[in-house]
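Trainee: I have a structure here, written as structure tokens, and I will follow up with some questions on it.
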Amino acid sequence: MPPSCTNSTQENNGSRVCLPLSKMPISVAHGIIRSVVLLVILGVAFLGNVVLGYVLHRKPNLLQVTNRFIFNLLVTDLLQVALVAPWVVSTAIPFFWPLNIHFCTALVSLTHLFAFASVNTIVVVSVDRYLTIIHPLSYPSKMTNRRSYILLYGTWIAAFLQSTPPLYGWGHATFDDRNAFCSMIWGASPAYTVVSVVSFLVIPLGVMIACYSVVFGAARRQQALLYKAKSHRLEVRVEDSVVHENEEGAKKRDEFQDKNEFQGQDGGGQAEAKGSSSMEESPMVAEGSSQKTGKGSLDFSAGIMEGKDSDEVSNGSMEGLEVITEFQASSAKADTGRIDANQCNIDVGEDDVEFGMDEIHFNDDVEAMRIPESSPPSRRNSTSDPPLPPCYECKAARVIFVIISTYVLSLGPYCFLAVLAVWVDIDTRVPQWVITIIIWLFFLQCCIHPYVYGYMHKSIKKEIQEVLKKLICKKSPPVEDSHPDLHETEAGTEGGIEGKAVPSHDSATSP
């Protein structure tokens, strides 16, 4: 006769005993959902790490000192995915754990080994980026190939020392039947819990924040110098253009005045000469009526000459108006140049700082930043350092935030659960879905590392795109020519392609 269970208990199918609802194992649906999500995370992590590792191995020039650390990070992630994750997926099935407690202890130690190796490598990368930016001249002598390999070996030695205490009795691991996974009994050894949390989160996070804070300050100062130099060069160019436009305007004005004076003198001289010639010809005509006729001819000739003179003056006036118009346009352009000089349009690039592999690359791109015309002249003409545009600070802060926040997101909940287990019974107080989410986030770091430390780097990103194109996009076979006997003809100049050989379409259609 099976025991009857109350509302606060439920019968366990395996042991046929009544268990509190707070200690019941996860349901089959819960286990399936956990396993499916884990498989998706592990698949993406495996693909991302393999592609990035292939790119680094394919291009030897990319395997510099820093990229060796990144390659070591990929190795730790791949080992975590290949050796640890399959057992975590299998234990997500309720009432299924085929091995004994000793294997569970070994599995927890192996999980911590790869996790500590990954954390130590991230710390080394942060220090390496600090030395690269702050001490660029002495960096090659400080970070030699020999020292880089010593650091790589040191990450694994330190990880081994940090993860193996449960194997020789300091700290205990067991299989959690309620949450269906192997875990440490953190409350049984508070000292090991404190050491693990400090090694996992406190020290690495402190080193990362310190290094990237100094790197951000140095990058901001260098960008300010670049920004100031660009603004000074732009002001000099604007002043030169204004002076040049003023000189051209004065030159055109002088030419216009000289041309008007010359045209006025030339028109008056021609009128006097032609009038005197008409007076000399008039006495040769008969006296009396002939004189009258000559007088009329004189008036007529004078009228004609006056008409010509007025036409020339009119033409000269029209040319003068054109010159005046050009001069006014040049003056307006010069005034615009003065306004631009006061406004000082400076461009500061959005991609000035690029933290690929936590590295800073300064480009010469610029994004418009306008000093308002309503600002006081003392500010517009000030020689002090111009303020950095907010887009630059947001860009740098955003990238550093991605690096640090992803680290805290993946390992922070796991460390918080370890600390909480010292004072609280997590088997009964922490919901099972919270434990599942913490497991997902712990393995999510294997997906994040290839993106943060690989894809964000410009050169590595380009190589990854080329590799993906070769894997995904198949090359289409070349289209064979349907008229193999046709020859190329020289295109004439009328076609606008002089000197190039192009297939003749007319030869294909002609009989």
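Glycine residues also receive a Cβ, built from the backbone N, Cα and C atoms like all the rest.
Swiss-Prot lists 376-385 with the feature compositional bias 'Polar residues'. For Cys104-Cys182, the entry in Swiss-Prot reads disulfide bond. Marked as topological domain 'Extracellular' by Swiss-Prot: 1-35, 91-106, 171-196, 420-432. According to Swiss-Prot, the feature topological domain 'Cytoplasmic' maps to 57-67, 128-149, 218-398, 454-511. Summarising the annotation, Swiss-Prot assigns transmembrane segment to 36-56, 68-90, 107-127, 150-170, 197-217, 399-419, 433-453.
A description of the local structural setting of each listed feature is requested, covering burial, neighbours and distances.
Mentor: In the three-state DSSP assignment, the secondary structure recorded for Cys182 (disulfide bond) is strand. There are 23 other CB atoms within 10 A of the CB of Cys182 (disulfide bond), with all protein chains counted.
Residues of the same chain lying 6 or more positions beyond the ends of the topological domain 'Cytoplasmic' (57-67) and with a Cβ under 8 Å from any Cβ of it are 125, 128-129, 132, 143, 145, 148, 357, 359, 459-460, 463, 467.
Tertiary proximity for the topological domain 'Extracellular' (171-196) is limited to same-chain residues at least six positions away from its ends with a CB under 8 Å from its CB atoms, namely 23-26, 31, 87-88, 91-94, 97, 101, 104-105, 107-109, 112, 162, 165, 415, 417-419, 421-423, 425, 427, 432, 435-436, 439.
Note: the topological domain 'Extracellular' (420-432) comprises 9 helix, 0 strand, 4 coil (DSSP; helix = H, G, I, strand = E, B).
Sequence-distant neighbours of the transmembrane segment (197-217) (same chain, 6+ residues past either end, Cβ-Cβ under 8 Å): 115-116, 119-120, 122-123, 126-127, 129-130, 133-134, 162, 358, 360, 396-397, 400, 403-404, 407-408, 411-412, 414-415, 418-419.
Residues 115, 119, 122, 184, 186, 193, 196-197, 200-201, 204-205, 208-209, 212, 216, 353-355, 358, 426, 430, 435, 437-438, 441-442, 444-445, 448, 452, 456 of the same chain, all 6+ positions outside the transmembrane segment (399-419), place their C-beta atoms under 8 angstroms from a C-beta of that stretch.
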Trainee: Does DSSP put Cys104 (disulfide bond) in a helix, in a strand, or in coil?
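Mentor: Going by the DSSP assignment, Cys104 (disulfide bond) falls within a helical segment, counted as helix.
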Trainee: Pull the DSSP breakdown for the topological domain 'Cytoplasmic' (57-67) and write it out as helix, strand, coil residue counts.
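Mentor: Per-class counts: 8 helix, 0 strand, 3 coil.
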Trainee: Hey, which of 36-56, 68-90, 433-453 has the most Cβ-Cβ pairs under 8 Å against the transmembrane segment (107-127)?
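Mentor: It is 68-90 that shares the most Cβ pairs under 8 Å with the transmembrane segment (107-127).
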Trainee: State the count of C-beta atoms found within 10 angstroms of the C-beta of Cys104 (disulfide bond), not counting that atom itself.
Mentor: 21
Trainee: Counting by DSSP, what is the helix, strand and coil composition of the topological domain 'Cytoplasmic' (128-149)?
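Mentor: Tallied per class, the topological domain 'Cytoplasmic' (128-149) gives 16 helix, 0 strand, 6 coil.
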